[in-house]
Amino acid sequence: MQFKNALTATAILSASALAGTNSTTSIPSSCSIGTSATATAQADLDKISGCSTIVGNLTITGDLGSAALASIQEIDGSLTIFNSSSLSSFSADSIKKITGDLNMQELIILTSASFGSLQEVDSINMVTLPAISTFSTDLQNANNIIVSDTTLESVEGFSTLKKVNVFNINNNRYLNSFQSSLESVSDSLQFSSNGDNTTLAFDNLVWANNITLRDVNSISFGSLQTVNASLGFINNTLPSLNLTQLSKVGQSLSIVSNDELSKAAFSNLTTVGGGFIIANNTQLKVIDGFNKVQTVGGAIEVTGNFSTLDLSSLKSVRGGANFDSSSSNFSCNALKKLQSNGAIQGDSFVCKNGATSTSVKLSSTSTESSKSSATSSASSSGDASNAQASVSASASSSSSSSKKSKGAAPELVPATSFMGVVAAVAVALL
């Protein structure tokens, strides 16, 4: 084994401190590998096979056909398996705890990785594993999970996790389903650019800080009550959204470019703390699932081909408002009444249907109502037409996968005031 630091007593103590070990028994010197060590052959791993605990960061790389860590139950440090072009399988079924990270990256023929007893790890990073089909753990505690650019068909190794900081699954083209026991996500939940018909179930999830879903076919959030920051559904093939337990979104709520979405039910949602955007959902003709929303802390934009928009409980919008339907059956009457009562507190109010247009520049008292035409502007000042600028929600990923996005959201148009708020919402989701 090629040690990067000599096994002096000082190095051993330093490695133990860095790993934060709480062992009450001394670790044999042969099991303390210094700050880090690299194994390039199974023979290197066999030298520590008699250890129940190793102290330090272990890297496995080089021309190994298969590799195994026998007997080791704990790594007080990180385990990295990296850039091994011939490694086809790896097993470490005795390991229960890794105090640092488990990193598996750039393993082009690795088909299986087994950590059958692993219950606790700080982070798991699985990136660029183009041949892997199985990954197993007994994971109970982890802070961060990133799975990107793999051929996994399922991620059952994470199915029993209750809490995480980050859960990011992207660009796994064969991944078609995932059922999670997560109850809270303290930073972000992101799912994007996976299989064509991906179905997700997060029915135990009660609280999350941020959620962004892209390229998903079906989603279930049976218990979700609060999203502390932003919630976005972008470029999905979802036929419906049912978040009937959700009562609050602390910042932005975006439902953008979901071409097959025909129903959105948010029947207990009362508060959106930032921008509220429903845009370019071509099959969403009746929008009646937001009838309990009372306050919107930013701008509101609803655009599409809808004939019904029920915001009957809305009392306050602290930004501007843009309602634009291509359907001549949509009526602006209720929204104009909302504006005349002073509920719209931003700098502009625009409401259009297929036949008429009403726009108000709220920094002045001018109001214009006119029949729409193919060439006429919605507002003589031009501010209202700027309010139709679309929201940017282009799909993004953290990997080098060549998979193309299933759809592209409109381009972000820089603007001030009302649209500045809308743009900020979109940028926050990227």
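Cβ atoms here come from the backbone N, Cα and C positions, even for glycine.
Quick caveat, the model's predicted, so the values are computed rather than measured.
The annotation signal peptide is assigned in Swiss-Prot to 1-19 on the grounds of sequence analysis. Look at Swiss-Prot and you will find N22, N57, N83, N197, N210, N228, N235, N242, N268, N280, N305, N329 tagged as N-linked glycosylation site, backed by sequence analysis. Swiss-Prot lists S340 with the feature phosphoserine. Per Swiss-Prot, the feature region 'Disordered' maps to 362-411. Marked as GPI-anchor amidated glycine by Swiss-Prot: G407.
In this structure, the C-alpha atom of N83 (N-linked glycosylation site) lies 43 angstrom from that of N242 (N-linked glycosylation site).
For N268 (N-linked glycosylation site) paired with N210 (N-linked glycosylation site), the C-alpha to C-alpha distance reads 19 Å. Put simply, N235 is the one of the glycosylation sites N210, N235, N242 whose Cα lies nearest to the Cα of N305 (N-linked glycosylation site).
Ranking the glycosylation sites N57, N235, N242, N280, N329 by the distance of their Cα atoms from the Cα of N228 (N-linked glycosylation site) places N242 first. Every protein chain shown contributes to the tally, and the Cβ of N83 (N-linked glycosylation site) ends up with 15 other Cβ atoms within 10 Å. Here N329 (N-linked glycosylation site) is positioned 26 angstrom away from N242 (N-linked glycosylation site), judged by their C-alpha atoms. In the three-state DSSP assignment, the secondary structure recorded for N57 (N-linked glycosylation site) is strand.
According to DSSP, N242 (N-linked glycosylation site) is assigned to a strand segment. Note on the glycosylation sites N197, N210, N228, N242: the fewest other CB atoms within 10 A surround the CB of N197.
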